[in-house]
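Undergrad: So that we are looking at the same thing, I have put the structure below in structure tokens.
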Amino acid sequence: MIWLLVFSVYLTLDPVLGSTYVAAVYEHNVILNPEPHVHLSRRDALKHMQKNLDVYEQQAARATQQGVQILVFPEDGIHGFNYTRSSISSYLEIIPDPRQESWNPCTEPGRYNNTEVLQRLSCMARRYDLYLVANMAGMQPCPLSTDPSAPCPSDGRWQFNTNVAFSSDGLLVARYHKRNLYFEAEFDTPPQSEIITFDTPFAGRFGLIICFDILFHDPAVSLVERGVRQVVFPTAWMNQLPLLDAVQFHRAFSLGANITLLAANIRNDRLIMKGSGIYTPFSATYHHALEGDPEEGRLLVARVPVLDPLWVGWGGTEAAVKGESTSTMATDSRYCHQDSCVEPSPPAPAPSASPSYPIFISSMMYDPFNFVLLNETEGELRVCDGTFCCRLQYRRFPNGNSKELYALGVFAGTHTVNGRYALQVCAVVRCADLNASSCGQELVEAGSKMDFLLEGTFNTSYVYPSVLASHLILEQPEHLEKSADGRVTMKHSNMTAGLVTACLYGRMYHLDNE
């Protein structure tokens with residue numbers, strides 16, 4: 001299927017479509033097991049989990065007072081992390097497949113043994129009359145076999161990082177096993193990739209993914225390509241600037257995939273976990289704690305539109321909508337196909353760098369980017385990595401007499417550190433100091449605002465745009481365009497704060513295994 005950026009008018013198609021609903025995500029300061037490698041009794045594991053569930057209960061009560069209809073809690077928020085396969089065993093619960101049987105743990109607690117967490121979550125959803133999604137440690141017995149090629153683990157059970165979803169009457173409506181694990185020795189990869197959804201009376205269909213899943217085709221892209229426009233995303237995201245901060249990339253995925261993403265993160269400053277949000281193609285309600293902020297939970301609530309499931313387009317959106325959130329104002333953005341734009345498209349970049357601006361290589365996100373410096377207050381630059389080229393037109397507005405160095409970087413290749421995935425990336429970044437070798441390093445502050453047009457011709461339809469300003473403020477690009485030859489253009493001006501990163505993050509899913 002070919003995905004194109006398009007410009008369209010948002011239409012009310014029926015009483016559900018065109019309406020709104022109230023969503024909430026909770027960024028949880030998880031209470032951890034101080035010795036996760038030590039095996040606990042079931043009683044002690046429950047004692048630990050009930051402490052986190054007590055916090056969940058408080059937040060569910062707060063949410064229902066604000067009219068919330070769906071509430072999302074983060075990955076690992078009940079049990080924590082850093083377990084071994086053995087030490088997590090007392091935290092596991094059998095979670096039946098709602099596609100195979102109907103079960104309400106709150107009203108039928110005796111059907112399965114050792115399902116106290118499921119029962120509490122189910123009763124929470126029922127008591128507060130909302131749809132509830134949480135992440136927990138699940139298990140599934142499997143038959144032992146003497147066949148060494150059999151997928152069943154030697155201890156006779158699958159252990160899964162699992163999302164569970166409950167309806168407002170407590171019915172278990174969805175179970176999803178995380179496909180793309182991130183250094184999780186305690187869990188198994190499911191034998192088959194799962195595409196899991198659940199339906200609601202107020203907003204139609206939602207899909208389920210977990211954390212690292214968002215960087216891969218399955219299940220995230222598969223959900224969207226099947227028409228799912230609302231994705232629930234529990235995560236324990238470890239931020240990495242300048243390209244993969246939580247609010248930055250999760251917002252970029254929402255824009256690129258043209259979906260609503262309900263992203264609930266853990267709050268753990270030692271592990272650089274923070275940043276949650278409710279993202280639609282034209283608005284963002286988010287929170288990203290800064291250094292020195294209290295390490296505490298945060299409930300985010302937003303009224304968001306129901307997106308038309310029939311409207312499918314990778315990076316397309318309904319007509320520009322102005323909407324104010326608790327953390328940011330979405331600007332009037334334009335998405336159009338090449339033939340419908342009023343402004344003519346600029347020429348494609350040539351496969352070479354600007355001769356007057358030498359290329360240098362610096363590491364960004366552990367990848368060797370080709371960079372050129374922005375040495376003037378305005379100008380035009382080109383830089384390539386092989387045949388993949390990026391072009392930038394810019395005008396900088398320095399903050400007083402402060403000096404800052406910026407660079408345009410390009411990378412085309414396979415990222416291999418802490419995960420393997422193929423990329424094509426165009427990025428404008430503020431360098432950490434005035435030395436070129438600092439370009440690509442992490443920072444959160446910038447004083448120079450910039451009007452710019454950033455462009456690349458990609459060999460993939462899956463491109464995720466982001467503009468990140470000083471102190472981790474998200475800005476919505478003014479203009480995004482994709483032409484039939486793969487050229488993607490992002491234009492932005494009138495920034496509210498200094499530019500940290502402007503990025504077109506292309507994922508070459510088809511090359512991941514090469």
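Cβ atoms here come from the backbone N, Cα and C positions, even for glycine.
Caution: TrEMBL annotation is automatic and unverified by curators.
Relevant sequence annotations retrieved from TrEMBL are reproduced here:
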{"type": "ACT_SITE", "residues": "GLU75", "note": "active site, proton acceptor"}
{"type": "ACT_SITE", "residues": "LYS178", "note": "active site, proton donor"}
{"type": "ACT_SITE", "residues": "CYS211", "note": "active site, nucleophile"}
{"type": "DOMAIN", "residues": "26-306", "note": "domain 'CN hydrolase'"}
{"type": "SIGNAL", "residues": "1-18", "note": "signal peptide"}
Undergrad: Just to be sure I understand the packing, how many Cβ atoms besides its own are within 10 Å of the Cβ of the residue listed as 'active site, nucleophile'?
TA: 25
Undergrad: What is the average pLDDT across the domain 'CN hydrolase' (26-306)?
TA: 97
Undergrad: To the nearest Å, how far is the Cα of CYS211 (active site, nucleophile) from the Cα of GLU75 (active site, proton acceptor)?
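TA: Their Cα atoms are separated by 7 Å.
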Undergrad: Do me a favour and check the Cα-Cα span between GLU75 (active site, proton acceptor) and LYS178 (active site, proton donor); whole Å is fine.
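TA: That separation, Cα to Cα, works out to 10 Å.
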Undergrad: Within 10 Å of the Cβ of GLU75 (active site, proton acceptor), how many other Cβ atoms are there?
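TA: Taking all protein chains shown, GLU75 (active site, proton acceptor) has 28 Cβ neighbours within 10 Å.
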